[in-house]
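A.B. asks: Dumping the structure here so I can ask a few things about it.
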Amino acid sequence: MVSQTVSVAVTGGTGQIAYSFLFSLAHGDVFGLDCGIDLRIYDIPGTERALSGVRMELDDGAFPLLQRVQVTTSLHDAFDGIDAAFLIGSVPRGPGVERRDLLKKNGEIFATQGKALNTTAKRDAKIFVVGNPVNTNCWIAMNHAPRLLRKNFHAMLRLDQNRMHSMLSHRAEVPLSAVSQVVVWGNHSAKQVPDFTQALINDRPIAETIADRDWLENIMVPSVQSRGSAVIEARGKSSAASAARALAEAARSIYQPKEGEWFSSGVCSDHNPYGLPEDLIFGFPCRMLATGEYEVIPRLPWDAFIRGKMQISLDEILQEKASVSL
């Protein structure tokens, strides 16, 4: 039985990530099995026929939670009065395409979307950004939507967290459920910081199970950092199904939190407990509070290895920010 209904917008509605994500969303994986969904699916003009096909499949899925499905090429209609937006649509990264090549094109897209959110979305709407370069795109959208709460903008780092989680599980030969406190800091890029020093295996420090520090620093970390490029090289396209799953999990950690769960998210750095510059979107370890708000987990120690990686990632975010104009 539906106890409430949320209004949700998904951009890039005809793309690969959205195609996987929409069915997870409709099933209740994000907001729960008792929450109805008023769904608006947006894509750019010229995609109307493909959008209609997506709607047909959602109708054919007979999802009880879908109260309404609207497909549109109008950002105003998509964002009008929404409680949450999943900004998936962007120019994709292909083989040989670097992040800097995406900044200008996608910056314009997210500036436009931020302005539309500012005009039409609810002030407390939560905004989840997926399109790369995701930290900077999220920052652009946030700064073009000053009416909305800055703390409610999230850049997706959950895919990086999941990649690290899986690698640690395989190396330790334990179930995924035995690995906790998996943390990714900084930028969603090849300069992200997969912080194994915080991780626990069976509630014990990771070093008790994986004692090979060289493997952690020189195999695991660069493998997680470069996994997106490896997927593109192998299949000729960027991650889609795994990204959609990570997006659903990222939002579920906020809307349906597990007690004590840590999750990595790119959030506004204003007033952060680590003394990092303000007005950035930076990946932090977070957890939900009883108030329904998240907090950046404070007072986590950084050893020399992690501190050095943190500075590299911070420098990249600052460089990206400096390269775009609002």
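The backbone N, Cα and C atoms fix where each Cβ goes, and this holds for glycine too.
The annotation NAD(+) binding site is assigned in Swiss-Prot to G12, G13, T14, G15, Q16, I17, A18, N106, Q113, V130, G131, N132. The substrate binding site annotation in Swiss-Prot covers R93, R99, N132, R163 and rests on sequence analysis. The active site, proton acceptor feature in Swiss-Prot is assigned to H188.
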A.B. asks: If you count the C-beta atoms lying within 10 Å of each candidate's C-beta, which of the binding-site residues T14, Q16, Q113 ends up with the smallest number?
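C.D. replies: Each of the binding-site residues T14, Q16, Q113 was scored; lowest Cβ tally within 10 Å is Q16.
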A.B. asks: Taking just the CA atoms, what is the gap between N132 (substrate binding site) and T14 (NAD(+) binding site) in Å?
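C.D. replies: So the alpha carbons of N132 (substrate binding site) and T14 (NAD(+) binding site) sit roughly 17 Å from each other.
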A.B. asks: Just to confirm: which same-chain residues, 6+ apart in sequence, have a Cβ under 8 Å from the Cβ of A18 (NAD(+) binding site)?
C.D. replies: V10, T11, G12, I41, V54, F86, I88, G89, A244
A.B. asks: Could you tell me the C-alpha distance between Q16 (NAD(+) binding site) and R163 (substrate binding site) in angstrom, no decimals?
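C.D. replies: Pair distance, Cα basis, whole Å: 19 Å.
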A.B. asks: Under a three-state reading of DSSP, tell me whether R163 (substrate binding site) is helix, strand or coil.
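C.D. replies: Note: R163 (substrate binding site) is helical by DSSP.
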A.B. asks: Across all chains shown, how many C-beta atoms besides its own are within 10 angstroms of the C-beta of G12 (NAD(+) binding site)?
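C.D. replies: Within a 10 Å radius of the Cβ of G12 (NAD(+) binding site) lie 24 other Cβ atoms.
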A.B. asks: If you count other CB atoms within 10 A of each CB, which of R163, H188 wins among these recorded positions?
C.D. replies: H188
A.B. asks: Can you check what DSSP calls Q16 (NAD(+) binding site), collapsed to helix, strand or coil?
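C.D. replies: DSSP call for Q16 (NAD(+) binding site): helix.
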A.B. asks: Taking the Cβ of G131 (NAD(+) binding site) as centre, how many other Cβ atoms lie within 10 Å?
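C.D. replies: That number is 26.
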A.B. asks: According to DSSP, folded down to helix, strand and coil, what is Q113 (NAD(+) binding site)?
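C.D. replies: Assignment for Q113 (NAD(+) binding site) reads helix.
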A.B. asks: How many Å lie between the Cα of H188 (active site, proton acceptor) and the Cα of Q113 (NAD(+) binding site)?
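C.D. replies: Just about 20 Å between their Cα atoms.
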